[in-house]
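In what follows, a structure is listed as structure tokens, so that the remarks can point back to it.
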Amino acid sequence: MATPRGRTKKKASFDHSPDSLPLRSSGRQAKKKATETTDEDEDGGSEKKYRKCEKAGCTATCPVCFASASERCAKNGYTSRWYHLSCGEHFCNECFDHYYRSHKDGYDKYTTWKKIWTSNGKTEPSPKAFMADQQLPYWVQCTKPECRKWRQLTKEIQLTPQIAKTYRCGMKPNTAIKPETSDHCSLPEDLRVLEVSNHWWYSMLILPPLLKDSVAAPLLSAYYPDCVGMSPSCTSTNRAAATGNASPGKLEHSKAALSVHVPGMNRYFQPFYQPNECGKALCVRPDVMELDELYEFPEYSRDPTMYLALRNLILALWYTNCKEALTPQKCIPHIIVRGLVRIRCVQEVERILYFMTRKGLINTGVLSVGADQYLLPKDYHNKSVIIIGAGPAGLAAARQLHNFGIKVTVLEAKDRIGGRVWDDKSFKGVTVGRGAQIVNGCINNPVALMCEQLGISMHKFGERCDLIQEGGRITDPTIDKRMDFHFNALLDVVSEWRKDKTQLQDVPLGEKIEEIYKAFIKESGIQFSELEGQVLQFHLSNLEYACGSNLHQVSARSWDHNEFFAQFAGDHTLLTPGYSVIIEKLAEGLDIQLKSPVQCIDYSGDEVQVTTTDGTGYSAQKVLVTVPLALLQKGAIQFNPPLSEKKMKAINSLGAGIIEKIALQFPYRFWDSKVQGADFFGHVPPSASKRGLFAVFYDMDPQKKHSVLMSVIAGEAVASVRTLDDKQVLQQCMATLRELFKEQEVPDPTKYFVTRWSTDPWIQMAYSFVKTGGSGEAYDIIAEDIQGTVFFAGEATNRHFPQTVTGAYLSGVREASKIAAF
């Protein structure tokens, strides 16, 4: 059927909303119009033939061909068909033929591009895709603050980050300013630029933007580039080279792809899942929007390509340099894409970056910004917040909110910051944490991020841990492996048992393990030796250390509830300088009031009123409570109105776990000859009643120069030492060491400490656990805010990562995001 042709007087192109456009004519009407006589120009001259774009809703009344590839290019005149890429970008049928027809000069260029696209990409290598990827001109913004106009570059200029950073109106391809003529900035901006900002413009875009040479490309080499917002035509996105797969269009999921490492980037930074990978904490799918992203940016739900391109770019830029705040201005030069859509990308990157900043995905950690460099726009600055507690959770939230530009006051009951982080630097050459010091799983762990920001190195623990019996004999590794296997088998049976059990059917974990163990002995007829029984007790003591409680208080149904969520993978490390380095940096420049225990929180009025025990009053719009679970359970803070029954039930369904530590410095390293460079060694308990006493001894100096050991008291043993003074605990510890190294003389320590977390009035615990009859849901309930006014953070509010400094820190980041959004 013949294409309808319209003939009329040439008109200037100007802005239209699709809603104001006339209804489309039927084919018959269009054909009739094509035969109508032509009008004449106002000056009486002959009219110029032209054709409208046939894309419904396109505002271009007189399209102009951007390609100018064919000698017969229609330019702004008549063509038999316009090909629509966006409301301001079209190419004519003559230029289409130039590349698409095999007898034309441009055909070889098109087919070469098509082969590259097909071998790397997944989407169709259509002529429109070719034009968008290879022929559309680049747009760039003048960097003069008083100008900031968008200019279309000539075809021969390839946009680079350097050009984008330095471009001024009138700049030549060699980046030199044109000879003095007129002020190029005074020239008006192209009218099409204004259209790009309209909400409907993006919906009229035929193809989503695919970034060229994205910083994210090396991290995403195992993906089809066009599925993660990148152009398949760039060498940086050459998937075949990256995966060693030369087969066009096929994606090999090799094992090597699961551990992508980019030179110069911290090996613990792995922000993107690789194909077929799962279960890695703080990882995002580069080809899928997360639920909270869809909620924030619903306009990308149908085609998320632009969002993914910009989000992936932002994440890659952040992890390339996490020591400086990432701003829109730093991202924009790396947005390399042809066409007017680059303008839209630049506009959108600001929104996306602010969202990711608020969520704590970027611009987080110990990053500190000046008063004129707040990370969020002024709309967020009109809030005031009181934070109760200066531990990792409170300081994380305070640092985030302060960086956002929100007024924050921190009230801390103790005479120091850190909460359950407290480092002892009095040992010669070694820092020993009285609280946390070990990082379990470093990949994507925010602690690893903060260490990178501070230039701190962590010591990776080795795997070797010899189990030494009282009497000095090292346990045969085959016995250790056998009992480790049996221990894990017991826990596997517990996992099977709980699958169909409700909370009402819950039993203590210790009771269930004993029941399964006895049933196994009875059914199998296997008899374990006395030593094997003792080694099993060693593994049970480690489980009590992990839970922070004796196993007869822990839920068999929910003891490892967080394992159902992605956890931190990778190395287990010792933070040799201690967590206090991080804590002090988080606190830098914040308004922190020490010795200010809070007595009452009244949130019944328009503002929250907080009163300390000495009667001092503070008021703010929001309050964040980060005190330990034990203090909430004992009602250390009075709430008005009182906390709901649901929240109090959740608070009391968790246990306030407790462990204690002992550290000892010796005149020399007496253990070296037996331990042979291992980072720790185990103590096989002589009986079940002794199993929580000094189960593992840690060598606190990775350099093996200084002579400091640290051990832990867990389970029932915590209660047994509570009535002893420090010297008596030391005597028990030394008696154990002298049994383990019976063949040699063990010297008296020159210095030591014993922690007393259970009796610290403002702490009273180590970390939380789920009590029998409870569930992991309690963590979420405790974390719920009250009326958008009272918020809660701390390890006991983090269902995914409880019991850790990491979990506490992330809960503070989470609440800062919620507070900023209200």
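Cβ atoms are placed via backbone N, Cα and C, with glycine included.
Per Swiss-Prot, the feature compositional bias 'Basic residues' maps to 1-11. What Swiss-Prot lists as region 'Disordered' is 1-47. Taken from Swiss-Prot, the feature phosphoserine applies to S13, S17, S26, S247, supported by a large-scale study or a structure entry. Marked as Zn(2+) 1 binding site by Swiss-Prot on the basis of experimental evidence: C53, C58, H84, H90. According to Swiss-Prot, the Zn(2+) 2 binding site annotation covers C65, C73, C92, C95. Sequence annotations record features per position, and here Swiss-Prot assigns zinc finger to 133-193 based on sequence analysis. Here Swiss-Prot flags C142, C147, C169, C185 as Zn(2+) 3 binding site. Residues or ranges marked as domain 'SWIRM' by Swiss-Prot: 275-373. Marked as FAD binding site by Swiss-Prot: 383-439, V598, E795, 803-805. Sequence annotations record features per position, and here Swiss-Prot assigns region 'Histone H3-binding' to 438-467, 487-498, 538-572 based on experimental evidence.
Under the three-state DSSP scheme, C53 (Zn(2+) 1 binding site) falls in the coil class.
The candidate set comprises the binding-site residues C58, C95, C142, C169. Of these, C95 has the most other Cβ atoms within 10 Å. When the Cα atoms are compared, C58 (Zn(2+) 1 binding site) and C65 (Zn(2+) 2 binding site) turn out to be 15 Å apart.
Same-chain neighbours of the Zn(2+) 2 site beyond C65, C73, C92, C95, judged by a C-beta within 8 angstroms of the site's C-beta center, are, in sequence order, F66, A67, S68, A69, S70, A74, K75, T79, F91, N93, E94, F96, H98.
The binding-site residues near C65 (Zn(2+) 2 binding site), taking a 10 angstroms Cα-Cα threshold over the set H90, K383, K407, D423, T431, V439, are H90. Around H90 (Zn(2+) 1 binding site), the same-chain residues at least 6 positions away in sequence with a Cβ under 8 Å from its Cβ are C53, A60, P63, V64, C65, F66, W82, Y83, H84.
For V439 (FAD binding site), the nearest neighbour among the listed binding-site residues (C92, C95, C142, C185), judged by C-alpha distance, is C142. K407 (FAD binding site) falls within a strand segment according to DSSP.
Long-range Cβ proximity for C147 (Zn(2+) 3 binding site), meaning a same-chain Cβ under 8 A and a gap of 6 or more residues, is found for R168, C169, C185. In this structure, of the binding-site residues C73, C92, C185, V439, the smallest number of CB atoms within 10 A of the CB marks C185.
Taking Cβ-Cβ distances under 8 Å and a sequence separation of 6 or more, the neighbours of K407 (FAD binding site) in its chain are K383, S384, V385, A620. The Cβ of K383 has fewer other Cβ atoms within 10 Å than any other of the binding-site residues H84, K383, R399.
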